[in-house]
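Lifted from TrEMBL, the feature list:
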- 53-64: compositional bias 'Low complexity' (COMPBIAS)
- 65-77: compositional bias 'Basic residues' (COMPBIAS)
- 236-320: domain 'Ig-like' (DOMAIN)
- 325-411: domain 'Ig-like' (DOMAIN)
- 1-77: region 'Disordered' (REGION)
- 177-196: region 'Disordered' (REGION)
Amino acid sequence: MAQPPPSSGGEQGHHSQGCKDLGSSVGAPPRGWDSTARLPQPPRLPPPHRGDLPSSKLPSPLRSGGRRSRAPARKGLRGLWVRHPNTIIAKSQEQPGGWKMAPAPCLCLLLSVFSALILNVGAEISITPQPAQPAEGDNVSLVVRGLQGELLAYNWYAGPTLSLTYLVSSYIVSTGDETPGPAHTGREAVRPDGSLDIQGALPSHSGTYILQTLNRQFQTEVGYGHMQVYEILAQPKVIANNSALVERRDTLRLTCSSPSPAEVRWFFNGGTLPVPVRLGLSPDGRVLTRRGVLREEAGAYQCEVWNPVSISRSEPLNLTVYFGPERVAILQDSTTRTGCTIKVDFNGSLGLWCVARSCPEPQYVWAFNGKALSSGGAQLNISSMTAAHEGTYTCIAKNPKTLLSGSASVVVKLSAAVVAMMIVPVPTKPTEGQDVTLTVQGYPKDLLVYAWYRGPAAEPNRLLSQLPSGNWIAGPAHTSREVGFANCSLFIAKLNLTDAGRYTLKTVTLQGRTDTLEVELQVARECAG
């Protein structure tokens with residue numbers, strides 16, 4: 001086939017499957033043209049981003065070869081005639097140099113002429129979508145510029161090659177008639193200036209578009225363009241392999257689930273991802289992997305998908321990272337006493353708290369001298385300190401999620417008496433017939449038992465002995481007028497002169513320490529009336 005001559009230019013228009021009268025001004029086809037010649041292929045382009053619409057999906061008028069008339073037919077035209085749907089041009093046998101219509105089982109004559117005539121590739125025809133970045137649902141125009149000369153027809157293709165499969169529409173300039181092709185979706189329409197309008201464009205309309213024009217010299221020119229229709233993005237969703245992980249042991253894997261091929265961004269607690277986490281992103285940014293997750297990485301994760309016309313962010317997914325227990329400690333009045341010895345007064349109270357850094361909050365168990373106590377919880381209370389409470393107290397913190405534990409201990413002891421013991425009679429100088437109390441001050445707090453004696457501390461002289469519980473036992477010298485108290489004091493009712501003399505107090509502590517203290521009681525004679 002001969003090389004095509006340089007293009008003479010011409011207006012660009014829409015292609016048509018059905019053919020119409022092109023006017024008497026059209027000259028005869030070049031001598032020797034071959035209607036079966038193959039059209040030279042244009043430069044190869046990337047595959048289109050849209051699927052071909054089967055002819056069965058076209059509206060019925062399009063399947064039947066119907067056409068839309070944009071302008072009234074021109075009258076009085078002679079020479080080249082085309083009739084839709086099944087006619088071709090044949091040289092007239094009745095009029096030399098003329099042409100007549102001859103029916104034939106073919107597609108439109110315009111396509112036959114286009115495929116037979118000279119193709120001028122590389123003309124400066126530009127195709128620009130308006131808007132430049134359309135969103136789905138937008139009305140888009142593929143605006144054509146650079147058309148030259150007087151054009152007869154346009155063919156629009158949605159695909160990488162000039163193939164009938166990709167034919168969207170054919171348009172005859174003189175009549176305004178437009179015939180949809182196999183790739184027509186029911187949304188496309190060709191303008192008289194050659195531009196292509198798409199109503200309510202869809203992402204499937206994305207891809208390569210080719211405009212083919214035919215001028216009055218039966219020369220064709222081709223222009224290429226590309227359009228990307230961006231989807232209005234639905235809200236993505238963050239999917240986790242597990243939303244509660246153990247620190248340094250488990251692997252975090254988050255996936256941004258979105259049906260759209262959009263760009264992805266990640267957010268952590270509303271801000272950017274920490275650098276160590278960011279390093280775990282997959283090449284497409286949709287999967288985030290973090291081995292040996294840390295407690296600092298617990299929080300709210302979101303992903304965002306975006307394209308030039310739409311943006312959508314997911315709901316937050318809250319990640320929990322379990323750790324601990326760590327730094328187990330025992331507190332007394334907000335003061336750390338771990339490893340210390342705590343001294344408590346006899347009958348005094350003591351409150352201990354166990355604390356630890358842990359997620360979740362650990363379970364606490366207290367042990368006394370290595371034996372678990374029945375009471376649980378972080379707090380341990382001793383309401384009345386005695387020698388029985390002396391020993392080592394241990395708090396054990398257990399994390400049910402990490403299966404780890406930690407402990408802390410303190411030693412608790414009774415404190416020694418700090419006040420010297422003394423006996424004071426009340427009243428200090430009682431008279432015959434009065435009551436008197438020998439009050440003891442500074443008695444030992446860890447008292448086990450005490451005894452009062454009338455005279456030296458000997459058994460025959462024992463008045464009474466008493467335990468801190470309040471139980472007391474009368475001794476050989478008891479006269480039924482003596483009563484003992486828990487603080488070691490001795491009460492004597494209705495004194496007589498024989499009650500005067502020395503009294504002895506003997507105390508024994510829980511540690512076995514024995515102390516003896518004496519007092520001299522004086523009884524004054526009652527004055528005569």
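Glycine residues also receive a Cβ, built from the backbone N, Cα and C atoms like all the rest.
Values in this document were obtained by computation on a predicted structure and should not be read as measured data.
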Stretch-averaged pLDDT - the domain 'Ig-like' (325-411): 91
Secondary structure composition of the region 'Disordered' (177-196) [DSSP: H/G/I, E/B, coil]: 0 helix, 7 strand, 13 coil
Helix, strand and coil residues within the domain 'Ig-like' (236-320) as assigned by DSSP: 7 helix, 44 strand, 34 coil
